[in-house]
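Trainee: Pulled these features from TrEMBL for this protein:
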{"type": "TRANSMEM", "residues": "60-79", "note": "transmembrane segment"}
{"type": "TRANSMEM", "residues": "99-118", "note": "transmembrane segment"}
{"type": "TRANSMEM", "residues": "130-147", "note": "transmembrane segment"}
{"type": "TRANSMEM", "residues": "204-226", "note": "transmembrane segment"}
{"type": "TRANSMEM", "residues": "316-342", "note": "transmembrane segment"}
{"type": "TRANSMEM", "residues": "398-415", "note": "transmembrane segment"}
{"type": "TRANSMEM", "residues": "442-462", "note": "transmembrane segment"}
{"type": "TRANSMEM", "residues": "537-560", "note": "transmembrane segment"}
{"type": "TRANSMEM", "residues": "621-644", "note": "transmembrane segment"}
{"type": "DOMAIN", "residues": "783-816", "note": "domain 'Voltage-dependent calcium channel alpha-1 subunit IQ'"}
Amino acid sequence: MSITFCRFGQQFVSVESDDTGHVTKTETKRQGKPVLPYSSMFIFAPNNGIRRFCHFVVNLRYFDLFIMIVICASSIALATEDPVAENSTRNKILEHFDYAFTGVFTVEMVLKIIDLGVVFHPGAYCRDPWNILDAIVVLCALVAFTMNRNAVRLGKPGTSASAKNLNTIKSLRVLRVLRPLKTINRVPKLKAVFDCVVSSLRNVFNILIVFCLFQFIFAVIAVQLLQGKFFYCNDASKLSKEECQGQFFEYNEQGVPTVVWRQWNSQGFNYDNVYYAMLTLFTVTTGEGWPTVLKNSMDATYVNQGPIEDYRQEMAIFYVTFFIVFPFFFVNIFVALIIITFQKQGENELFNLELDKNQKRCVDFAINAHPLCRYMPKDRRSWKYRVWRLVVSTPFEYYIMVMIALNTLILMMKYHRQERKTSMATTIDTAQQNYHNYCNTLIFLNSAFTVMFSFECVLKIMAFGPKNYFRDRWNIFDFITVIGSITDVLVSELQQSAFLSLGFLRLFRAARLIKLLRQGYTIRILLWTFIQSVKALPYVCLLIAMLFFIYCIIGMQVFGNIKNDPMTQMNIHNNFQTFASGLLLLFRCATGENWQEVMLDCDAGRECEGAGESCGSKMTYLYFVTFIFLCSFLMLNLFVAVIMDNFDYLTRDSSILGPHHLDEYVRVWAEYDPTARGKVHHTDMYEMLRNMEPPVGFGKKCPYRLAYRKLIRMNMPVDENGMVHFTTTLFALIRESLGIKIGPTEVMDQRDNELRYCLCRLWPVQAKRMLNILVPPDSELTYYKMTVGKIYAGLLMLENHRLEKQPQCKDQSKSADLLARFFGGVVHASHRSPRTSETEDDLNNVPRWRSPIKVISPSRQEEFGKFTKMAADKASDN
């Protein structure tokens with residue numbers, strides 16, 4: 001008796017089978033989350049009606065969906081606020097919505113506290129960090145509403161107490177931006193990415209401490225050398241603080257003088273104390289603005305003295321040393337450790353399931369793979385079949401590749417010619433005529449290539465038919481490219497009289513080069529890996545988008561009312577006055593483009609847009625430094641980690657089967673199953689595997705004895721027509737090549753159950769409908785069922801018997817006849833006709849050499865069982 005448990009969401013499926021592999025009982029139970037066996041807040045017992053009602057509501061399937069919708073609506077409301085006109089009608093309407101959102105989150109918090117308790121027992125509300133975050137956001141919102149009501153009812157707008165309360169309310173309202181973080185705990189895959197990021201930070205904490213310690217050392221040295229020496233007078237003619245007095249004339253761009261008071265100012269980045277020194281060195285570490293800091297350091301003289309050009313050239317040694325230690329060494333080590341720990345965290349999730357990442361990806365490929373449909377005309381005497389033979393032939397493909405390469409060379413030959421001034425008018429006319437003829441030749445050649453590719457498109461449509469032609473995505477791309485190229489040629493011919501210029505259509509000329517990507521095995525692997533990398537990025541992108549959203553909302557709340565000044569970085573193009581402009585500004589900062597100047601222009605003391613005396617905040621340094629650290633040093637490197645994770649096969653042994661190899665299996669299967677039925681005859685399967693090179697298939701040089709032993713271990717079930725399934729064969733091939741839950745015959749049933757458990761854990765939805773296809777149940781592998789392993793075990797044993805006992809017998813037909821007696825009509829591959837592409841008529845009629853397999857009579861089951869076990873043991877010994 002064996003029992004296999006699988007969990008699908010909140011459903012548990014148990015499958016019981018007897019010793020012969022028959023399924024005797026299948027149960028499906030829906031398991032709800034039980035009430036914690038503790039008293040909640042010392043008031044509500046586990047069987048209390050109110051607590052049970054709260055538990056029921058919190059665990060409803062649609063409750064989390066409703067909260068997610070409210071979170072999204074709350075986030076949209078935050079993004080649409082007007083930071084400049086705080087008393088606008090839009091903000092008043094959004095304030096009422098904010099009351100409703102806060103009410104919903106308050107009710108959610110109360111329901112969960114009644115259900116789980118507060119903190120005094122395991123599983124309580126405050127034992128979960130995500131619940132603590134929710135409680136902080138809700139409580140701060142309630143306190144802000146209370147203080148706002150009291151300020152409106154009792155406060156006096158002109159008093160300092162009112163301004164202080166207003167600043168406190170704004171600080172509390174800023175915490176509303178943490179609401180989107182509630183979605184992380186509700187999306188499992190997003191939470192998995194977030195946990196990987198947190199684990200990466202935890203693992204690199206030591207290197208971060210060393211990083212800060214070394215930066216502190218450099219900051220102390222810089223303070224000792226340059227403290228108080230980064231000051232200057234706004235009148236460049238004055239070089240000391242004593243001389244920087246009075247007024248002077250300043251001329252604008254039009255030459256109009258203006259009277260300006262002299263001021264003794266400090267540079268935005270300086271070394272007056274350790275705090276500013278650490279900030280300056282962090283800016284230098286990011287590689288932005290460091291030439292300005294280097295120049296100011298080399299021009300520094302003495303305290304209360306202005307700068308003199310290249311007064312201290314030796315300061316360049318300080319920055320060269322700093323660059324070697326930090327940007328070239330520590331930063332790269334930090335980034336490398338982030339990537340490595342992120343990848344290892346993903347491997348740790350599979351540790352308990354005894355699968356590595358490569359095995360998981362291969363199994364994932366097998367689950368999602370489908371056979372391709374390879375069209376072929378039915379009538380082989382028709383002109384359509386001849387055209388089909390032409391367009392699918394290898395010489396035709398090579399011809400198209402050569403034409404694409406030549407077309408690319410023609411595109412590279414175009415250039416813009418600027419005439420040189422010369423006194424020879426005849427020379428100018430001749431040069432212009434030659435250049436004109438050269439351009440006309442290129443246009444003619446481009447038109448010729450367009451006609452050639454159009455002819456290729458027409459031939460393929462004629463050969464495959466419109467329906468089958470547009471099934472292939474590459475054909476769709478070719479068709480769009482041809483249509484765009486034809487339009488380009490027509491527009492180029494009519495451009496002199498046309499009123500519309502479509503210059504962008506010339507992009508279709510270069511798009512022809514993309515067609516080369518589908519040619520060549522290595523290029524297809526790289527393209528497939530690139531696509532897999534893109535598929536693995538959505539949740540990383542979602543986490544980065546959430547980071548941008550939170551910082552953008554904070555920027556709108558804190559810096560949104562700074563006045564736009566064209567002389568600063570906070571201008572009409574760069575500001576936090578709208579959500580869109582704030583995102584664009586943060587994206588610019590994430591790329592490192594002059595972010596330090598944006599930080600300085602958001603400092604306290606800036607002019608306000610509208611009412612207000614002073615805008616900006618001292619929080620700007622913490623805001624931008626944390627954003628640059630989290631975004632540039634951490635989040636954006638997750639892209640690198642994901643891409644490296646998918647391209648790790650470049651540094652791995654090429655003989656190990658990987659998911660990038662398996663696309664070749666799908667492509668070759670289509671040659672034996674052109675109608676994509678998902679089944680081929682087992683003899684075709686053997687020939688197919690021999691036609692595929694390792695590590696996917698066996699290869700043509702693989703000895704047949706070794707191939708037989710591999711097929712015995714794969715042991716796929718064979719139906720009554722001698723056919724094997726596409727997915728079953730692919731999964732068995734992966735399992736045998738990578739050694740996934742493979743062992744001796746006597747423990748294979750246990751290994752199969754363990755593998756089913758792993759599939760249920762990793763792919764709960766897919767395993768529910770494909771579990772018996774991936775890992776056939778014991779009922780399909782028993783003595784009275786035919787399998788590939790039994791067939792090729794018999795072939796291997798009969799071949800050994802013929803070589804050892806009857807070396808004089810050279811006719812293999814006797815072995816085939818003997819095998820047919822055991823297996824009910826299965827003939828050796830040497831007695832079948834050569835494989836040809838199947839037509840629809842062939843698929844409706846089973847050929848004579850594919851006679852149905854008979855079920856072995858009960859009287860010979862015991863004999864057949866002994867025969868099969870002996871063959872399998874002998875194959876294992878060999």
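Glycine is treated like the rest: Cβ placed from N, Cα and C.
Please treat TrEMBL annotations as automatic predictions, because they have not gone through curation.
Predicted, not measured: the structure shown is a model, and the values here were computed from it.
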Trainee: Counting only residues 6 or more past its boundaries, what in the same chain has a CB within less than 8 Å of a CB in the transmembrane segment (99-118)?
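Mentor: Residues 35-36, 38-41, 44, 50-51, 54-55, 57-58, 67, 70, 73-74, 77, 124-126, 131, 134-135, 137-138, 141-142, 145, 179 contact the transmembrane segment (99-118) from elsewhere in the chain.
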Trainee: Near the transmembrane segment (442-462), which residues from the same chain, at least 6 beyond its ends, have a CB less than 8 A from one of its CBs?
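Mentor: Result: 384, 387, 390-391, 400, 403, 406-407, 410-411, 413-414, 469, 475, 478-479, 481-482, 485-486, 488-489, 492, 509, 512.
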Trainee: Quickly jot the same-chain residues contacting the transmembrane segment (130-147) by Cβ under 8 Å, restricted to those at least six beyond its ends, or write none.
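Mentor: Long-range Cβ neighbours of the transmembrane segment (130-147): 98-99, 102, 105-106, 108-109, 112, 116, 165, 168-169, 172-173, 175-176, 178-179, 181-182, 184-185.
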Trainee: Can you tell me which of 204-226, 316-342, 398-415 gets the most C-beta pairs within less than 8 Å of the transmembrane segment (621-644)?
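Mentor: Comparing 204-226, 316-342, 398-415 against the transmembrane segment (621-644), the winner is 316-342.
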Trainee: Cβ under 8 Å to the transmembrane segment (537-560), counting only same-chain residues 6 or more beyond its ends: which ones?
Mentor: 75, 78-79, 81, 83-84, 170, 173-174, 176-178, 180-181, 183-184, 187, 189-190, 192-194, 197, 570, 575-579, 582-583, 585-587, 590, 602, 615-617, 619-620, 623, 627, 630-631, 635-636, 638-639, 642
Trainee: Taking only the residues in the domain 'Voltage-dependent calcium channel alpha-1 subunit IQ' (783-816), give me the average pLDDT of this model.
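Mentor: When the pLDDT values over the domain 'Voltage-dependent calcium channel alpha-1 subunit IQ' (783-816) are averaged, the result is 71.
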